[in-house]
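Asks: Right, I'll just put the structure down here and ask away after.
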Amino acid sequence: MITLFPELFPGPLGASVLGRGLNDGLWSLRASQLRDFAHDKHRTVDDTPSGGGAGMVLKPDILASAIDTIAPPDDRRARILMSPRGTPLTQAKARALAQGPGIVIVCGRFEGVDQRVIEARNLEEISIGDYVLAGGETAAMVLLEAIVRLIPGVLGAPESHADESFENGLLEYPQYTRPQNFEGAEIPEILTSGDHGKIAKWRRQQSEKITRDRRPDLLE
Ligand code: SAH
């Protein structure tokens with residue numbers, strides 16, 4: 001992680017099963033302070049936008065020296081810039097990154113990052129959705145959480161992924177647990193029938209219906 005706020009990490013990623021995986025060394029994270037790569041006494045990392053306008057832009061020279069130190073040219077890890085202009089994050093992308101050698105994430109701040117460093121260091125821009133956050137750190141946590149939970153051993157049983165939303169191009173079927181009767185509503189009878197073939201078929205039908213109703217774009 002390259003960030004102006006390394007103290008935010010691991011944050012929520014340090015809780016629950018992901019946190020246990022972190023403690024057990026199933027995954028690791030290092031958050032580096034971008035300011036450590038500045039070379040003036042004020043540790044300046046940003047400057048005003050060329051051409052005018054509001055806000056500040058992260059300087060390319062400082063960010064490039066951070067990237068070159070943390071991920072030199074022979075480092076095989078993906079170099080990602082969190083950015084609302086990026087390719088929207090998908091489960092397939094998280095899965096691909098989970099199978100790779102790791103990632104280096106640049107967290108933007110202010111108005112963003114000088115375009116030249118994005119190109120010169122071949123940063124892959126990833127967005128977590130069509131809205132604008134104040135900084136890349138929470139977006140990076142979303143990306144990391146999606147990836148880390150797919151690392152073998154972090155979440156336990158691998159089959160717990162197979163049926164999940166987006167894994168097979170569908171949204172998940174509805175889930176139920178006891179009590180049998182909740183405010184007058186019963187658990188669908190089929191789920192307590194013990195007939196695993198019928199249960200699988202019912203779940204598949206429910207998945208297809210929910211996907212058709214809510215996200216027809218996924219079926220296309
Ligand atoms: N001026 C930019 C927004 C800057 S927001 C624009 O209009 O495109 C500041 C930083 O927050 C960005 O550099 C990026 O790192 C992060 N960020 C904001 N929204 C994001 C999103 N939807 N996905 C990923 N990162 C985002």
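Backbone N, Cα and C define each Cβ position, glycine as well.
Heads up, TrEMBL stuff is auto-annotated, nobody curated it.
So TrEMBL says this about it:
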DOMAIN    1-220  domain 'tRNA methyltransferase TRMD/TRM10-type'
BINDING   Gly108, Ile128, Gly129, Asp130, Tyr131, Val132, Leu133  S-adenosyl-L-methionine binding site
REGION    198-220  region 'Disordered'
COMPBIAS  205-220  compositional bias 'Basic and acidic residues'
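Describe the structural context of these features.
Replies: The average pLDDT the prediction assigns to the domain 'tRNA methyltransferase TRMD/TRM10-type' (1-220) is 96.
Mapped onto three states, the DSSP output places Val132 (S-adenosyl-L-methionine binding site) in coil.
Listed as Cβ neighbours of the region 'Disordered' (198-220) (distance under 8 Å, sequence separation of 6 or more from its ends, same chain) are residues 163, 166, 168-174, 188, 190-191.
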Asks: In sequence order, which same-chain residues at least six apart have a C-beta under 8 angstroms from Leu133 (S-adenosyl-L-methionine binding site)?
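Replies: Spatial neighbours, sequence-distant, of Leu133 (S-adenosyl-L-methionine binding site): Pro84, Ala139.
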Asks: For the binding-site residues Ile128, Val132, which one has its C-beta crowded by the most other C-beta atoms within 10 angstroms?
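Replies: Of the binding-site residues Ile128, Val132, the highest Cβ count within 10 Å belongs to Ile128.
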Asks: If you count Cβ atoms within 10 Å of the Cβ of Gly108 (S-adenosyl-L-methionine binding site), leaving out that atom itself, what do you get?
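Replies: A count of 26.
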